[in-house]
Amino acid sequence: MPVIESEEHKALREAVATFAKNHPGADNRLFWQDAAKLGYIGVNLPEAYGGGGAGITELSLILEEMGAAGNPLLMMIVSPAICGTVISRFGTETQKRAWLPALADGSRMMAFGITEPDAGSNSHRITTTARRDGTDWILTGRKVFVSGVDIADATLVVGRTEDARTGGLKPCLFIVPRDAPGFERRRIDMELDSAEKQFELTLDDVRLPADSLVGDEDAGLLQLFAGLNPERVMTAAFAIGMGRFALARAVEYARERTVWKAPIGSHQAIAHPLAQAHIELELARLMTQKAAHLYDAGDDVGAGEAANMAKYAAGEACVKAVDQAVHTLGGNGLTREFGLARLITAARVSRIAPVSREMILNYVSHQTLGLPKSY
Ligand SMILES: Cc1cc2nc3c(=O)[nH]c(=O)nc-3n(C[C@H](O)[C@H](O)[C@H](O)COP(=O)(O)OP(=O)(O)OC[C@H]3O[C@@H](n4cnc5c(N)ncnc54)[C@H](O)[C@@H]3O)c2cc1C
């Protein structure tokens, strides 16, 4: 794995940064479609299905640069990274043809729903259940905090089927079209200034054809994790981009703003925390690149640990960078005009989703350090 970024990747960063900075960001859908035309949205999807044939390394780099330009696309975490990955790796030929070229060219988008009101971080406790009716599936359950369901053509829903031998429930993935009868959504009133909204979903006997099941009914967990590692890497990239954006605004301000004899940036009480934020974002990026490379190299297990650590590091670095950026601007940090205060809540998302800081610390305690479990 190259520790120093290749010239090709540097050039890609520059191209994305220029594109994202110059795009009139008001219309998120248009930004998505223009990014797709340039090959940015489907860069990780197989070439045979209209994608760029590259990996999560490139997809995460693109998302980070969009974020650093102040124009991130949250649904990139979900549509190409989770859903695109799962369908390319485990989908049927029909599913691949139906979805991958459209996800890549931006004409269709997918959301992803795993979180449930009574399960939360404990996804072993999810109760959305699929039962067979002839060759059809009938899906029943509830989901919460699912992003972008209104703009996505379908949601990849994590459900469970009953194991015929043990009677236990095993996870599996279903493509649920937005307009499927019985599939209802209610927008959650989030304190977030973001183009993508969150929804509570009700699945009330949603009837789905046999081909809605993605992958093997018996290997659902494995397939699910194939999508969750890219999700963590992408969330890390999202957080690093946001942190860089906030930090750049603060540095710009601190260079100019003078209330004594010299600009406030010359006071170490202002300069050092900004320098620290920069270092921590760089460190988080290094871990994110490691996780992306491991994933792209086919090492799902190695990528699992690295992706968790990257998400943790990036979430923490982002929250600190945003906090210090807001502080650096004094009163202006809380005005709408300077646009930093809205990042306070946005940054917190990277600490909570898709897996919280504590659940990552639990994972590292048990999986990496071999400590006993309390729950
Ligand atoms: C903006 C946003 C977008 C989202 N988008 C999606 C999406 O598109 N699809 C989707 O499926 N979900 C989505 N989520 C949901 C997100 O993944 C969950 O919020 C997250 O997994 C945490 O679950 P929870 O909110 O139920 O918290 P809980 O599980 O109730 O946890 C609450 C607190 O308790 C802590 N905690 C829980 N268990 C333990 C433990 N064993 N040890 C120590 N601490 C613990 C947690 O760390 C957390 O701080 C989104 C959430 C947000 C905020």
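Each Cβ is built from the backbone N, Cα and C atoms, and glycine gets one as well.
Note that the coordinates shown come from a computational prediction; the quantities given were computed from them, not determined experimentally.
Residues or ranges marked as domain 'Acyl-CoA dehydrogenase/oxidase N-terminal' in TrEMBL: 6-106. Here the domain 'Acyl-CoA dehydrogenase/oxidase N-terminal' (6-106) is broken down by DSSP into helix, strand and coil counts: 70 helix, 0 strand, 31 coil.
Among the features that TrEMBL reports, domain 'Acyl-CoA oxidase/dehydrogenase middle' is placed at 111-205. Taken together, the residues of the domain 'Acyl-CoA oxidase/dehydrogenase middle' (111-205) have an average pLDDT of 93.
Under the heading domain 'Acyl-CoA dehydrogenase/oxidase C-terminal', TrEMBL lists 220-362.
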